[in-house]
Protein chains: 4
Amino acid sequence: MGNTFGTLFRISTWGESHGGGIGVVIDGCPPRLPISTEEIQFELDRRRPGQSEITTPRKESDSATIVSGVYEGLTLGTPIGIYVPNGDQRPSAYSEMKDKFRPSHADFTYQTKFGIRNHEGGGRSSARETIGRVAAGAIARKVLKLAGDIDIRAYITRVHDIEAPAIEHFPSLEEVEASPVRCPHPETAETMVERIKAMRSEGDSVGGLIECRVRNLPVGLGVPVFDRLEADLAKAMLSLPATKGFEIGSGFEGTRLRGSEHNDVYVNKDGKVGTATNRSGGVQGGISNGEELIFRVAFKPTATILQNQETVDKEGKATELMGRGRHDPCVVPRAVPIVEAMASLVLVDHWMRQKAQCDSFEF
Amino acid sequence: MGNTFGTLFRISTWGESHGGGIGVVIDGCPPRLPISTEEIQFELDRRRPGQSEITTPRKESDSATIVSGVYEGLTLGTPIGIYVPNGDQRPSAYSEMKDKFRPSHADFTYQTKFGIRNHEGGGRSSARETIGRVAAGAIARKVLKLAGDIDIRAYITRVHDIEAPAIEHFPSLEEVEASPVRCPHPETAETMVERIKAMRSEGDSVGGLIECRVRNLPVGLGVPVFDRLEADLAKAMLSLPATKGFEIGSGFEGTRLRGSEHNDVYVNKDGKVGTATNRSGGVQGGISNGEELIFRVAFKPTATILQNQETVDKEGKATELMGRGRHDPCVVPRAVPIVEAMASLVLVDHWMRQKAQCDSFEF
Amino acid sequence: MGNTFGTLFRISTWGESHGGGIGVVIDGCPPRLPISTEEIQFELDRRRPGQSEITTPRKESDSATIVSGVYEGLTLGTPIGIYVPNGDQRPSAYSEMKDKFRPSHADFTYQTKFGIRNHEGGGRSSARETIGRVAAGAIARKVLKLAGDIDIRAYITRVHDIEAPAIEHFPSLEEVEASPVRCPHPETAETMVERIKAMRSEGDSVGGLIECRVRNLPVGLGVPVFDRLEADLAKAMLSLPATKGFEIGSGFEGTRLRGSEHNDVYVNKDGKVGTATNRSGGVQGGISNGEELIFRVAFKPTATILQNQETVDKEGKATELMGRGRHDPCVVPRAVPIVEAMASLVLVDHWMRQKAQCDSFEF
Amino acid sequence: MGNTFGTLFRISTWGESHGGGIGVVIDGCPPRLPISTEEIQFELDRRRPGQSEITTPRKESDSATIVSGVYEGLTLGTPIGIYVPNGDQRPSAYSEMKDKFRPSHADFTYQTKFGIRNHEGGGRSSARETIGRVAAGAIARKVLKLAGDIDIRAYITRVHDIEAPAIEHFPSLEEVEASPVRCPHPETAETMVERIKAMRSEGDSVGGLIECRVRNLPVGLGVPVFDRLEADLAKAMLSLPATKGFEIGSGFEGTRLRGSEHNDVYVNKDGKVGTATNRSGGVQGGISNGEELIFRVAFKPTATILQNQETVDKEGKATELMGRGRHDPCVVPRAVPIVEAMASLVLVDHWMRQKAQCDSFEF
């Protein structure tokens, strides 16, 4: 059951990194939504390997086909099937993985959990799995845009120890995409690119932080008590490969403040209730409060490094493994559209839940 | 639907802070589990207000009654209903709340989302709601203990800016409970207590960090890709009131390391595959790897402070609100058993899922 | 997980026939619905034992208390907890049941499935469990009435071999309640009452058929393909104790017609599309078509009879069991409000689903 | 959400009759199950149009490809994706359907519910949708066979008014497949075939009854109270196109018996507890009792007939529609493998649920 996400706007992803392909089924999308393959492909291209000089040189076109649920450019309200065939597979690059467990990869846990594993690649633990999420997210994003003019923007704020100054404004897509590292602060972006290139030349890797903001959210999204908006966002983000943390608003640092410093007092903003500050990050009691939603996700350094590492084999015997293959020295830039996709999925689901329970009835 | 948590071991909580009472229904508990009211009450007492000099002086006995699902001390496999009546309510203490929105509370968002609200208390956003979680968690914990000798231990590592040194060992329950602040480092605990008392005297509040560890977990818990163990834990923790962040293993700080520094290499530990370090925090690819599970949760300072704060009223008019009532200057110590309860619920659910899909079949 | 029903309007029932009590938690009810304890009690009284000369003489007041989710007569949008304490228990009446399996009861299957059982009564397989459903159904029915003027009416069409002539009109509540047997055809009702009394005097029992109709349904309720309206209704009905069959529209007899005889041709009814006949029973492709919804449910004769029956004991040894206790010779009249409750729950859920997916968006 | 079925063994189907293709994602299948494309194709061929002289002459090869989740002939425990491309589409045959609603089809309800519809075919309401179910059912059936030697057999007992004598034994697959009508009573089968041919020559259609039996079920499958085994089976069956009724064991006719005639007394069968008769149909209290599971499903006559019928167009104007295309005069024979598939899906799900909750724990 772990391959389905969402309650009303529900996606099921399938496919391994090495196999026929990758896909997603979207169940519950509102009917009559205009959507094109191009809109989906646009987001997939942002996630695609080989898109820039700092990503893996693997060439994967990741071309999406809509196989059901859309007719003459409009959604039918029935399940949308999207299919992306695999290509450019080099199983030989992975032959050692049959018997040895790669450090900080899922080889060992998959093998033990399932008693079997496709050793030709990362299987479901491969980042290729996120293709289905990004494709579905493109549709979710379109719903939110048309239904509420909602904008979702993620970007990198730190790579390794290179941190951008606080991004005060809501950056445009162009600002984010200006650099292959997707940091909207140009000088920092440049340094980040250099660091990533340096890591590649050393056969090493780095991680970083992604910040994501959402504007124009109505008040009321999020359901007490278990499906608080931040709870669903946290799950969405920690379900992504290589993530180690999630925080919203003031986050971990906010715990160093006093209540009198941390509280967001209410003010009247041009006739609407708002808050003077936004340490809450756009939620109160698990429900959106109309302010910008803002959260951050921590990505660990890529586990695959081109260095010799100790490990054990299937029999538990000590051995060594030399990292091979074509991998990203830093996955975080390519994770930016994935974070946006997951945020879109959470938000459209709560949008629909709010309509169903609260907005549709006038007794 | 937001009041249900879990897939196979599923709880539904109900009840507001001011009303008949609080309760929980547990659906899916294995039959024949020995469980007593005392075991449940033990955990509720750890969560209870008025338990020590640093918590709210509100006296709530929070006495649990098992109203179904247990017969002669054993679970029946049918829904377990647990009921805790409310008491010691002082709605008058909340009268101002009818028209004014308390800063950083859920008054405004509940009112706007639902178009109605019980202004006599926090309603579902009150921490009283967690009573049901703690009661259910006591049962989940018992299942895990008997089925796999699994231990779950949470404790405080920081209050405001007072941080304990790294806790290297798995602390005993006694060590944690030795101080009312539930920090297993005695000297730090003492300083924390002083700080909390100081905050109370100033009518202010502080937050902090809770760390939680689980030992004796088998390899294999957690389901790719959306129900990764850390994803479900993140959701569980961010569903708690006052939480702003979650991290597992190396967490946010781990993003400052290189891959070569961060990877956990595999070693043979007395015949079993293990890792030399534990930056992963006990999971790989979303699945438990047999090492200690370790994660941290950030709690913001209590929103209720005994100070005058600006706010707006229902009409959006600027006004002021003087914090009243009997509240915790720091909720984190009482959150320790709640974090354990939520972790127990996540783990027992994944234990059952692993049995259902992977362990029950030998083809 | 089997104790929860519904997707958006979701109920969880708990409680055994002998124990603290019976209850239900309703999650997802729209906020601001006016609802009173009296409205709930009205339906519970229709289900209550001892309500008439043809039901069991057991006196159970079945008094409902709303313990959460309603404030000053309006729903809050948070979980509604309803509690009905058990009373008038006579466990001694059941002492033989500890070791012997009652024929066509769930004693044997519960004991084998769970390895344990509360032998003092029917536990969860008791019809007392349906109290929670009826209480929740009263709220669902109110939502449907206020939101769409929807009427739900069930009644008996056959007891044993006594069959009422086809009920051509939509009967009023008064017509149904005019007889304790709840058949709106007065002459037949009288014969049915006599038959039931005769059965009681013989220590035997009978079953029968319930027909249920719903009017004023909008077009569009029901979700292809697994959650077709008739699929969810079938599940709802077969989840009731003692049910053996479900049919919609032309049902089993309709299979004897040709397509040219069975098809419902479309006609223009005062400007609206309708069908000339209603063999479909109000659905097409699993979706309500605006005609009257009409379905039937088969109830077997009560398993408890006051006669000596062969059976085996826990050790599998042949023995005999003399039926005792105070039971209904025919449960069908008391099942009428239960069928209505379950239909209400299915319909309100689909109403909300339709709002969420289809009605809320105009792209 | 209506396109997903099952809790632990969960399938999501996608695809319209006219479009890229049809498919299914199976989430939760146990790992290490040996499964081949041939085993899946075998069941698809039983469902395929054009398989015999009494089905539609449409030629659809319905070739299945496994695109994920199976590696070297064994399931991986990850989602199994199965894809069947569409072929032999003749949208022109459906051109009239753009504006006119076919009687007793889903055109009108889909159009009204979704505000849009692919008029080139039946869309999701087409029987082609069941391809995904049959493919998934082939895998579910294999799990049950290997895990518990469980056999599932459906067959036709009535076509129009031609009824086979009661089938006393559990028929073999060969007996069922001996006739294209899939009735294991050869003489009746022959008459049924003649009737179906006669209907085709008249441009008319007929329906019928399918009976399904399952042997070797363990005691204990089915979960009180909403997920009773018969409730889940009823939903599964009523989710199939053209179904109008479901009954288990004695069914509708059983309501004509007295309790003393209907009860199944317990007896010791070679050391195991069993029942002397099987009016219960293999369940008690919603839980399998170890006897044969036996249920029946009613299928209405095919809505598509090659005759002129009255109807209305999109504007509600009266018009006529001449049935065209190549359709089955009786869909029931092809529904036999579909009923088996749905039964398999329900049973494997409950098998896994029983493992998870009851069988895995020994306290």
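Including glycine, each Cβ sits where the backbone N, Cα and C put it.
Predicted automatically and left uncurated, TrEMBL annotations should be read as such.
Per TrEMBL, the feature NADP(+) binding site maps to A:Arg47. Look at A:Arg47 (NADP(+) binding site): DSSP puts it in a helix.
Around A:Thr304 (FMN binding site), the C-beta neighbours below 8 angstroms that are at least 6 residues distant in the chain are A:Arg102, A:His105, A:Ser205, A:Gly323, A:Gly325, A:His327. Annotated FMN binding site per TrEMBL: A:Arg124, A:Ser125, A:Ser126, A:Gly285, A:Lys300, A:Pro301, A:Thr302, A:Ala303, A:Thr304, A:Arg326, in sequence order.
Of all the Cβ atoms in the protein chains shown, 27 others lie within 10 Å of the Cβ of A:Thr302 (FMN binding site). Spanning the listed FMN site, residues A:Arg124, A:Ser125, A:Ser126, A:Gly285, A:Lys300, A:Pro301, A:Thr302, A:Ala303, A:Thr304, A:Arg326 have a farthest Cα to Cα distance of 45 Å. Take the binding-site residues A:Arg47, A:Arg124, A:Lys300: by the count of other Cβ atoms within 10 Å of each Cβ, the lowest one is A:Arg47. In the shown protein chains, 21 other C-beta atoms lie within 10 A of the C-beta of A:Ser126 (FMN binding site).
Proximity to chain B (Cβ-Cβ distance under 8 Å) holds for the following binding-site residues out of A:Arg47, A:Arg124, A:Ser126, A:Thr302: A:Arg124, A:Thr302.
Residues from the set of binding-site residues A:Arg47, A:Arg124, A:Ser126, A:Lys300, A:Thr302 situated with their C-beta under 8 Å of a chain D C-beta: A:Arg124. Between A:Arg47 (NADP(+) binding site) and A:Ser126 (FMN binding site), the C-alpha separation comes to 13 Å. Reduced to three states, the DSSP call for A:Arg124 (FMN binding site) is helix.
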